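Chemist: Sharing a structure, written as structure tokens. Questions coming.
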């Protein structure tokens, strides 16, 4: 009986070379839909090949996300429990004191995180609010952690203020495809989001931009989201992929759950189309069993949010995360800012690994 060689790729898995490797090439939505349509094993095989070409396939970055200002947001994002328009049980809170934030960052670092993200439920920050966040960024940076904030829309001078404070990444997601966006949000336009991303990039801050699946979108629209991200010039350094967390009181609380394999496909397609980006397994991970998370790592996810609340939704317990990664033989990547905006786009600086030992 003959066996195919280890490097055998079936015809169904063969697609054109990755356009993302050419500065002037663009991904058509049709090409992205063709990736989604591949047999599952072929898609994961291709995604894993791309992943190994650019990253250590057994390394994962641990990120911690802290909600520094929770609730009371005036926007109407239909998935979000922090909107003041919905009765979700989330109470509006004031901006956290800087000492509280820095204590949380220190705990995150002690628990193995190398990236600390701060999120505030604002449409856009006011000057005094941004001053406070800039101080937080300086304090977290001084601990040797990679910094990211998500604060809503920014003007150019606000982005520059954050850059001057030493911010590494600014997160501002597109959420979904342009044609489906109006079904989810009406208080902020797609162009508003693109404008903020332009200001962030012009300031020299690394872009963190992804989306949410399971909003009720079609596969065609999921492909549209990936196309928007992959065709940015350049594509984002950091791409969080969120699976809708259905929260009682929000308009999407009754949505039908996305097929778990479709979520894995989305991770794989993001990896193939944005080969050098950090693909972050974000909201919704708490509902995934260990096998599904392992498939996401196989598909090219190389960062997880770890150990704290993911804004206002539960994230898996830190010890469970440690045990899972240890069972998979994965290592924690300790990074000295993977992507520096001052250097070459998507270049990687030195990094080392630490083994994960689960707590007793």
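Backbone N, Cα and C define each Cβ position, glycine as well.
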Chemist: Can you pick which of 80, 117 Swiss-Prot lists for the same [2Fe-2S] cluster site as 148, 208, 280?
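Modeler: My reading of Swiss-Prot gives 117 as the candidate in that site.
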Chemist: Measuring Cα to Cα, how many angstrom lie between residue 148 ([2Fe-2S] cluster binding site) and residue 77 ([4Fe-4S] cluster binding site)?
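Modeler: Spelling it out, the Cα of residue 148 ([2Fe-2S] cluster binding site) and the Cα of residue 77 ([4Fe-4S] cluster binding site) are 21 Å apart.
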Chemist: Could you state the CA-to-CA distance between residue 117 ([2Fe-2S] cluster binding site) and residue 80 ([4Fe-4S] cluster binding site) to the nearest Å?
Modeler: 18
Chemist: Out of 73, 77, 117, 208, which has the highest number of nearby Cβ atoms, where nearby means within 10 Å of its Cβ, if these are the binding-site residues?
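Modeler: Counting Cβ neighbours within 10 Å, the top one is 117.
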Chemist: Neighbour count, 10 Å Cβ-Cβ cut-off, for residue 280 ([2Fe-2S] cluster binding site): what number do you get?
Modeler: 26
Chemist: Other than 117, 148, 208, 280, which residues of the chain come within 8 Å of the [2Fe-2S] cluster site, judged by Cβ distance to the Cβ centroid of those residues?
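Modeler: In sequence order, the nearby non-listed residues are 63, 65, 115, 150, 169, 171, 238, 240.
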Chemist: Round to a whole number and give the Cα-to-Cα distance in Å for the pair residue 280 ([2Fe-2S] cluster binding site) and residue 80 ([4Fe-4S] cluster binding site).
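Modeler: So the alpha carbons of residue 280 ([2Fe-2S] cluster binding site) and residue 80 ([4Fe-4S] cluster binding site) sit roughly 19 Å from each other.
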